[in-house]
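Feature list (source: TrEMBL):
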type	residues	note
TRANSMEM	53-73	transmembrane segment
TRANSMEM	103-123	transmembrane segment
TRANSMEM	129-151	transmembrane segment
TRANSMEM	254-275	transmembrane segment
TRANSMEM	287-309	transmembrane segment
Amino acid sequence: MMHSVTCREPIRRTVMGNSDTTGTQIVDTQTEDQNKQVVLPSIWENIATWGTYYLHITPAVKIGYYFFTLLMLSMVKESFDVPHIEVLTGKHSVLNEVFVKKGWGITLSVFVTYQLLSLSLHIKWKANLKQLCVRALITTFFFFIWCVVIFQEIEKYMETCTLNDMRVVLTKRECLKLDGHVYDSYDISGHSYLMTYCVLIMMEESKEILYFLCLGRVLNGAPPLNTFEKISCPKLEEKEIKILQSRFSIMSPLVVLSFVCVCLLCLLWDFMYIITTIYYHTFSEKVIGTMLALIMWYLLYRQLFVYIFKYKFFLS
């Protein structure tokens, strides 16, 4: 009986060849995975991203918040006698005497400092500086013209001082000092205007942080961070990347810390708006103050600045 003989060597070679190919593919895959290292955002980028969730909510939501707060808390004021906590809500509290009365100066200092620190991360910083100067001047003008001039003139025009139901010609200060005298006027809420105006302006000015977040990823060769806002990443040449890389590592802490100051100040102004709504002014006085601030924000940041910054002078 004859047995058939089969050559095993070619089969062994083929199997060994296949295993070598598979091994090579595995090594290549591992090498590719090692090359594709995930670049994690720095602690400064994480802090900045968290801040955007508060500051960069859509304007419609923020406006809705103001009107909801105004309506609900004004109803509380009219329905209940809410006791004062003098340290927080009194006219002579630190919050009122220091922060509110110097509110615009503090706001201007904080957001201008933040913007100036951010300028160091721009190659074409002169154009941004020109725009910043214009925004600072115009926003300051409209704070002054409303809060310092127009509101006070309206109050003087509408003021009355009475003694035993008889009108007496006295100034506000003189009337309030005398016993038995009653002072009355239509006092548009400068606090409502100021708090709303400051927060909306800082929301706009703080959008510079989106450039910071995108720049950090570009310099590290990483994809942009996932945010709910659209970020337009800068297109940089190799020389510019080398320049900005050295600046970025130095300036990141300063830029983010100044951005945190903007966030904290906005929180304080939102808190002071709540205090004003509960304890001070009539409903119509607060509505007018808030509405004027919203109108000024829209005219300045959605119309005027968009229009004038198209000119070549502000682009170079």
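Each residue, glycine too, has its Cβ placed from N, Cα and C.
Remote same-chain residues near the transmembrane segment (287-309) are listed as 63, 66-67, 70, 131, 134-135, 138-139, 142, 146, 151, 188-194, 196-197, 200-201, 204, 281, 315 (criterion: CB distance under 8 Å, separation of at least six residues from the stretch ends). Beyond the ends of the transmembrane segment (129-151), by six or more residues, the same chain brings 104, 108, 112, 115-116, 119, 187-188, 190, 193-194, 197, 201, 205, 289, 292, 296, 300, 304-305, 308-309, 313-314 to within a C-beta distance below 8 angstroms of the stretch.
Non-local neighbours of the transmembrane segment (53-73) in the same chain are 192, 196, 199-200, 202-203, 206-207, 228-229, 262-263, 266-267, 273-274, 277-278, 283, 286-287, 290, 294; each lies 6+ residues outside the stretch with a CB under 8 Å from one of its CB atoms.
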